[in-house]
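Quick look at what TrEMBL annotates:
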BINDING   Phe95, Ala96, Val97, Tyr100, Asp186, Val187, Asp188  UDP-N-acetyl-alpha-D-galactosamine binding site
BINDING   Asp186, Asp188  Mn(2+) binding site
ACT_SITE  Glu276  active site, nucleophile
Amino acid sequence: MRPVKGRHLYFMRTLLHLLQRTAKSQIQGFVFCFDPKKTRSLLDLLNILSHSRSRADVQTNTSWNAPIIWDGMFDPDVFDQGHKQDQSTVALTVFAVGRYLDAYLGTFLNSSEQYFMVGLPVTFYVFTDVPEKVPNMKLAPQRSLKVIKVERHSRWQDISMMRMKTISDVIESDIRHHSTYVFCFDVDQVFTGRFGSEALGESVALLHAHFYNLPKHRFTYDRNPKSKAYMETGDFYYHAAVFGGTWQSVKAMADACYQSIMEDKQNNVEALWHDESHLNKYLWLHKPSRVLSPEYCWDRSIGYQKDIRPFTK
């Protein structure tokens with residue numbers, strides 16, 4: 001992170017004023033302390049803001065004090081202004097191979113252009129085996145689309161697992177030169193509401209909609225001791241359909257998962273839920289700095305839940 005100076009210091013003082021102005025009506029016993037010598041970035045204050053609004057009906061903090069982001073916990077305008085001031089840029093990666101391109105890609109791209117990181121510079125990276133079939137899109141200013149050809153594997157499980165190497169490679173060759181953050185998505189999703197800058201952080205994981213309110217013994221971790229993804233227990237069960245962070249963190253995540261996947265292959269082992277099992281193991285050993293509620297990838301087949309206000313489906 002950069003030290004506080006110049007325009008960042010001015011914005012942080014403005015942000016502090018906004019926080020202090022609204023704190024009394026939103027929370028009890030919360031004291032804002034601002035010391036430019038100790039606060040290195042305006043994003044430190046945005047992390048404070050993640051905790052400044054409470055949802056009593058849900059868990060909003062992890063045991064390691066990372067925020068769990070729910071609708072109603074944040075002021076979107078303050079987050080957007082902060083990330084614009086910090087000149088944050090975002091890369092979105094998505095794989096559309098075989099029938100997944102025809103079935104899902106158009107809807108995914110159109111809805112992501114409408115709702116994903118609106119107002120920030122975004123580069124969409126589409127990985128596909130048939131680049132000529134990627135639909136043309138009308139994009140807002142500072143938003144662009146890159147199409148990258150990849151090999152088509154016979155099994156979707158292999159496509160899912162091998163994407164980790166592809167993500168790492170494109171971060172190294174391209175993304176790191178112009179994007180601050182990276183988010184990786186499955187293509188069979190539709191954005192139905194804001195997926196904004198409040199989701200940005202050093203490392204970001206998503207609570208799986210089917211497990212977020214279940215006891216840990218029902219989490220489907222890989223419990224085969226022969227697999228590198230093996231774990232007896234963990235903190236949460238994370239969904240591999242959405243993960244992200246700074247490009248450095250996502251590259252480290254992808255590299256570690258790919259290495260574990262390849263070691264399993266050499267030993268004729270396949271993790272229970274493939275790359276998701278390896279991702280859960282990694283995030284247990286390397287705690288995410290930000291956790292997204294299942295609202296960010298809700299499965300409508302689960303039905304109505306009073307604490308859920310879905311952003312995607």
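Glycine is treated like the rest: Cβ placed from N, Cα and C.
Positions of TrEMBL features highlighted on the structure.
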{"residue": "Ala96", "record": "UDP-N-acetyl-alpha-D-galactosamine binding site", "Cβ contacts under 8 Å, 6 or more apart": "Tyr104, Leu105, Phe108, Val126, Phe127, Thr128, Val134, Val187"}
{"residue": "Tyr100", "record": "UDP-N-acetyl-alpha-D-galactosamine binding site", "Cβ contacts under 8 Å, 6 or more apart": "Val187, Asp188"}
{"residue": "Asp186", "record": "UDP-N-acetyl-alpha-D-galactosamine binding site", "Cβ contacts under 8 Å, 6 or more apart": "Val94, Phe95, Ala240, Ala241, Val242"}
Open item on the list: Please list, in sequence order, every residue of the chain apart from Phe95, Ala96, Val97, Tyr100, Asp186, Val187, Asp188 whose Cβ lies within 8 Å of the Cβ centroid of the UDP-N-acetyl-alpha-D-galactosamine site.
Closed with: Val94, Leu101, Tyr104, Leu105, Phe108
TODO: Over all pairs in Phe95, Ala96, Val97, Tyr100, Asp186, Val187, Asp188, the listed UDP-N-acetyl-alpha-D-galactosamine binding residues, work out the largest Cα-Cα distance in Å.
DONE: 11
- [ ] Using C-alpha atoms only, work out the spacing between Val97 (UDP-N-acetyl-alpha-D-galactosamine binding site) and Glu276 (active site, nucleophile) and round it to an integer in Å.
- [x] 18
Task: Candidate with the highest Cβ count within 10 Å, taken from the recorded positions Asp188, Glu276 - done: Glu276
- [ ] Indicate whether Tyr100 (UDP-N-acetyl-alpha-D-galactosamine binding site) is helix, strand or coil by DSSP.
- [x] helix
Open item on the list: So if I draw a 10 Å sphere around the Cβ of Phe95 (UDP-N-acetyl-alpha-D-galactosamine binding site), how many other Cβ atoms end up inside it?
Closed with: 25
